[in-house]
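The structure under discussion appears below in the form of structure tokens.
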Amino acid sequence: MYKVDKNLISSISILYKNKRLIISLTRRDILQRYQGSLLGVFWSILTPIVMLAIYTFIFSVVFKAKWGIGGDKYQFSMLLFSGLILFNFFSDILSRSPELLVSHSNYVTKVIFPVEILPWVITLSALFNFILSFIIWFIFYTLLIGLPALSVIFTPAIVIPFCFLCCGLSYIISATGVYLKDTNQLVALLVTAMMFLTPIFYPISALPEKYQVYMYLNPITNVIEMFRDIAIYNNSITLNGYAIYFFSSAFIYLLGFLWFQKLRKGFSDVL
């Protein structure tokens with residue numbers, strides 16, 4: 001127990017000591033994504049707007065789809081987009097993780113560089129895009145349906161543990177990717193599968209009852225369901241449910257950090 005606490009404190013301490021470096025690298029990562037493009041960072045705003053417009057037209061106008069029984073004609077696209085922006089946050093981090101250390105080998109081979117911060121750099125970069133997408137979702141939801149539930153102010157309480165969960169997975173994948181070159185293909189396949197095995201395009205209630213329990217084994221399911229509860233349905237989150245989510249996220253983060261630290265000894269030799 002003492003060793004676990006020590007490792008957790010160590011992981012947080014590294015972040016605090018290198019907070020300025022993390023912010024600097026995150027800013028550079030965001031800018032480099034759009035370097036040389038005509039619109040630059042504006043693509044981070046334009047892309048979700050275009051996607052939301054497409055989803056709204058296809059599902060609300062063409063298919064006239066509704067989420068379950070009843071509901072506003074735009075509700076389907078808003079529910080879909082609320083799940084999609086969280087999944088995009090998750091998939092962005094996981095998709096970049098296999099090549100993270102390989103693409104930054106010049107940092108890895110430097111003894112004094114804290115390579116532990118690299119997964120946080122891509123996590124915060126993805127968080128930047130999520131925040132922009134969330135603002136766009138909020139604006140369009142207000143225009144098309146009305147103000148979201150007041151409990152939407154608790155969104156950070158859901159997103160912050162999700163950041164730790166995703167970063168923990170990034171620790172595992174990025175460290176493994178140094179040694180196992182198939183990691184990139186495996187993660188790409190996993191992300192594609194999870195997109196359809198997560199209640200983004202359909203409610204869990206649409207599945208046969210015997211399969212519904214398996215959906216909750218997917219870590220993203222709980223995040224999306226909780227976000228929809230507070231932002232759209234105005235449902236309260238149970239304390240037990242949130243506690244399980246919070247400590248599960250912390251556990252995955254710590255597990256990922258320990259795995260990363262265990263494998264990092266050989267990074268320089270392989271790269």
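Glycine is no exception: its Cβ is also placed from the backbone N, Cα and C atoms.
Model, not experiment: these values are computed from the prediction.
Under 8 Å from some Cβ of the transmembrane segment (37-62) lie the Cβ atoms of residues 30-31, 73-74, 76-77, 80-81, 84-85, 128-129, 132-133, 136-137, 140, 144, all in the same chain and six or more residues away from its ends. If you look up TrEMBL, you'll see 37-62 (among others) marked as transmembrane segment.
TrEMBL lists 39-263 with the feature domain 'ABC transmembrane type-2'.
Listed as Cβ neighbours of the transmembrane segment (74-94) (distance under 8 Å, sequence separation of 6 or more from its ends, same chain) are residues 48, 51-52, 55-56, 59-60, 65-67, 119, 122-123, 125-127, 129-130, 133-134, 137, 140-141, 144-145, 162, 166-167, 169-170, 173, 187, 190-191, 194-195, 198-201, 220, 223-224, 227-228, 231-232. If you look up TrEMBL, you'll see 74-94 (among others) marked as transmembrane segment.
Long-range Cβ contacts of the transmembrane segment (115-140) within its own chain (Cβ-Cβ under 8 Å, at least 6 residues beyond either end) map to 11, 14-15, 18, 21-23, 25-26, 29-30, 33, 44-45, 48-49, 52, 56, 78, 81-82, 85-86, 88-89, 92-93, 96-97, 100-101, 104, 107-108, 148, 152, 155, 159, 163, 166-167, 170-171, 174, 256-257, 260-261, 264, 267. The transmembrane segment annotation in TrEMBL covers 115-140 (among others).
Under 8 Å from some Cβ of the transmembrane segment (152-174) lie the Cβ atoms of residues 86, 89-90, 93-94, 96-98, 100-101, 116, 118-120, 122-124, 126-127, 130, 134, 138, 183, 187, 219, 223, 226-227, 230-231, 237, 242, 245-246, 248-250, 252-257, 259-260, all in the same chain and six or more residues away from its ends. Per TrEMBL, the feature transmembrane segment maps to 152-174 (among others).
Beyond its flanks by at least six residues, the transmembrane segment (186-205) meets 67-68, 80, 83-84, 87, 90-91, 94-95, 97-98, 173, 212, 215, 218, 220-221, 224-225 of its own chain at Cβ-Cβ distances under 8 Å. Positions annotated as transmembrane segment by TrEMBL: 186-205 (among others).
The annotation transmembrane segment is assigned in TrEMBL to 242-260 (among others). Residues 4, 7-8, 11, 116, 119, 157, 161-162, 164-165, 167-172, 174-176, 219, 222-223, 226 of the same chain, all 6+ positions outside the transmembrane segment (242-260), place their C-beta atoms under 8 angstroms from a C-beta of that stretch.
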